[in-house]
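Notes follow the structure.
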Amino acid sequence: MTAELPQQAHWGALFGVDHKKIEDQTEFDVIVIGGGPVGENVASRAVQGGLRAVIVEADLLGGECSYWACMPSKALLRPGTALAAARRVAGAKEAVTGELAAAEVLASRDAIASDWKDDGQVSWAEGAGITVVRGTGRIVGPRLVQVRDADGEREIQATHAVVVCTGSAPKTPPVAGIDQVRTWTSRDATSARSVPRRLAVLGGGPVGVELAQAWARLGSKVTLINNAPRLLANFEGFAGDLVADGLREDGVDVLLDTTLERVSAEGGGIALRTAEGGRIKVDELLVATGRSPATNEIGVETVGLTPGQPLQVDDSGQVTGVDGGWLYAAGDVTGRAPLTHQGKYAARVVGDVIAGRAAGSAEAREASPWSRFAATADHTAVPQVVFTDPEVAAVGYTSASARKAGLNVRVVELDIAVAGSTLHAGGYRGRTTMIVDEDRRVLVGVTFAGYDVAELLHAATIAIVGEVPIDRLWHAVPAYPTISEIWLRLLEEYGL
Ligand SMILES: Cc1cc2nc3c(=O)[nH]c(=O)nc-3n(C[C@H](O)[C@H](O)[C@H](O)COP(=O)(O)OP(=O)(O)OC[C@H]3O[C@@H](n4cnc5c(N)ncnc54)[C@H](O)[C@@H]3O)c2cc1C
Ligand SMILES: NC(=O)c1ccc[n+]([C@@H]2O[C@H](COP(=O)([O-])OP(=O)(O)OC[C@H]3O[C@@H](n4cnc5c(N)ncnc54)[C@H](O)[C@@H]3O)[C@@H](O)[C@H]2O)c1
């Protein structure tokens, strides 16, 4: 899928590789199991480092992100966000009188998901010199992978490394009757071909809030049930509160601290009963209560690891507890930072590490922090955007996680109220925190919640990764009148 293609998508013609011949090969330098965004990037970097890489993919090359997660979910959300943004601007709102055109939104989503065909990604891979083998991969011994497809099984051997990039799978919560009714996973909710009249969403994490808003704006009557007192529990509290307000404005019934006790099929729909005595009838029930690393059926037990558990890796991506240093993993399957961009970062590290170590590089062997052979940022600077309206954009620690980590921090918290926000939207609402490590006088966490804050985030990521001293940050002057001026207000509030 084009939006996910690494830069070197034009390499096909240059390489002129005979892929039929390669398909018969039984030995590669690197075997990647799982061709999601992470597996693709591992293979691409390994090939750029001079190695022969194969991706074994059981489904569509491009993985969850391209077809059933990041891309289609954002395609469903973006039209509603654009429309709501116009409606917040005097003079523009008068020009916008219609509703979202659901059929067109779904058609545009289909195109963004490449109609669930992976030809584009396969030709990119071929062009990049990567072999793609269709089938289910399973580790059967050191450096040895069995590939199963409709025609049977065969084994392929890696000379250097096997990399597990099998992603994650949705969890099913222990709710009575849940396995007796038809439920939606995020796959169904991102690929549905019509708008359900009534939709219940179980879970108030990123999947739950994004898809609740997308479908509410497309016309569903949505009820969101979350068992925690706030939405988006891993973020600053105000972020979940602002998103809950946004959802309620879109007509979503947001039920917090609520336990779904029982579900049952009823007249073509689904009846829900909560422990608090609520009764809800819906046409579809989306279960969005988290995901688990996909390690159940990939043979990790053959190398002494436990199926169902995340693959623990060091910062170079090498799986710990396996002899011989040949097994690596990256992406959701490691449970480290289950986001596409962070998985692709780890993938670049792993591909470079394997190629570097194969070439005898001491630097690659050592994988020192902040070298290109270590995914150091995973520990301190993972950025994430929740693409609801209002958006949430956060990187590094929250005030709670910083204190839990024992850091001596000062938290500065402000409403986003600057000239840029006033111009951006009538009645702009937003809030932000900046978390300063007082011992080092550097930022360790920033959260923005508000309309269109996503693009503010990268400045915060750079400040944290670069460990920019707060007194120097003062000299990074935000342009007037942008929403970025909130940076100045935060530093002033801190006392500069
Ligand atoms: C609804 C939703 C929205 C999301 N939105 C965002 C977002 O906006 N931004 C963001 O950063 N993250 C988002 N995420 C998270 C993101 O999708 C994942 O972090 C990302 O897809 C992980 O990439 P991966 O390559 O590790 O795994 P995946 O994308 O899951 O790919 C794994 C691949 O491995 C294959 N596979 C599995 N087992 C085998 C096997 N045994 N043999 C062969 N192949 C196998 C699968 O078929 C799949 O293609 C979202 C997730 C969901 C559910
Ligand atoms: N924009 C993005 O970056 C984005 C978007 C979607 C998903 N993702 C990633 O995908 C992964 C999965 O997201 P998710 O939202 O499914 O998981 P999550 O673990 O982040 O959130 C799950 C939510 O479900 C609630 N919950 C759990 N059991 C419940 C129950 N029985 N009843 C009611 N509520 C229950 C939890 O309180 C929590 O709010 C995460 O890693 C997330 O970061 C990222």
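Even glycines carry a Cβ here, placed using N, Cα and C.
TrEMBL lists 28-342 with the feature domain 'FAD/NAD(P)-binding'. Summarising the annotation, TrEMBL assigns disulfide bond to C65-C70. Summarising the annotation, TrEMBL assigns FAD binding site to K74, G137, T166, G167, S168, D332. Among the features that TrEMBL reports, NAD(+) binding site is placed at G203, G204, G205, P206, V207, G208, V209, E210, G290. Per TrEMBL, the feature domain 'Pyridine nucleotide-disulphide oxidoreductase dimerisation' maps to 382-487.
G205 (NAD(+) binding site) sits 16 Å from S168 (FAD binding site), taking the C-alpha atoms as the reference points. Comparing C65 (disulfide bond) with G137 (FAD binding site), their Cα atoms are 20 Å apart once rounded. Spatially, by CA atoms, the recorded positions C70, G167, S168 include one closest to V209 (NAD(+) binding site), and that is C70.
Within 10 Å of the Cβ of K74 (FAD binding site) there are 18 other Cβ atoms, across all protein chains. In terms of C-alpha distance, the listed recorded positions C70, G167, S168 place S168 closest to G290 (NAD(+) binding site). G167 (FAD binding site) has C70 as its nearest neighbour among the recorded positions C70, G203, V207, going by CA to CA distance. Across the domain 'FAD/NAD(P)-binding' (28-342), the prediction's mean pLDDT works out to 97.
Reduced to three states, the DSSP call for D332 (FAD binding site) is helix.
In this structure, G167 are the binding-site residues from G167, G203, G205, V209, G290 whose C-beta falls under 6 Å of some atom of ligand 1.
Checking the recorded positions C70, T166, S168, G203, D332 against ligand 2 with a 6 Å cutoff on the Cβ atom leaves G203, in sequence order. Helix first, then strand, then coil: DSSP counts for the domain 'Pyridine nucleotide-disulphide oxidoreductase dimerisation' (382-487) stand at 33 helix, 35 strand, 38 coil. Within 10 Å of the Cβ of V209 (NAD(+) binding site) there are 28 other Cβ atoms, across all protein chains.
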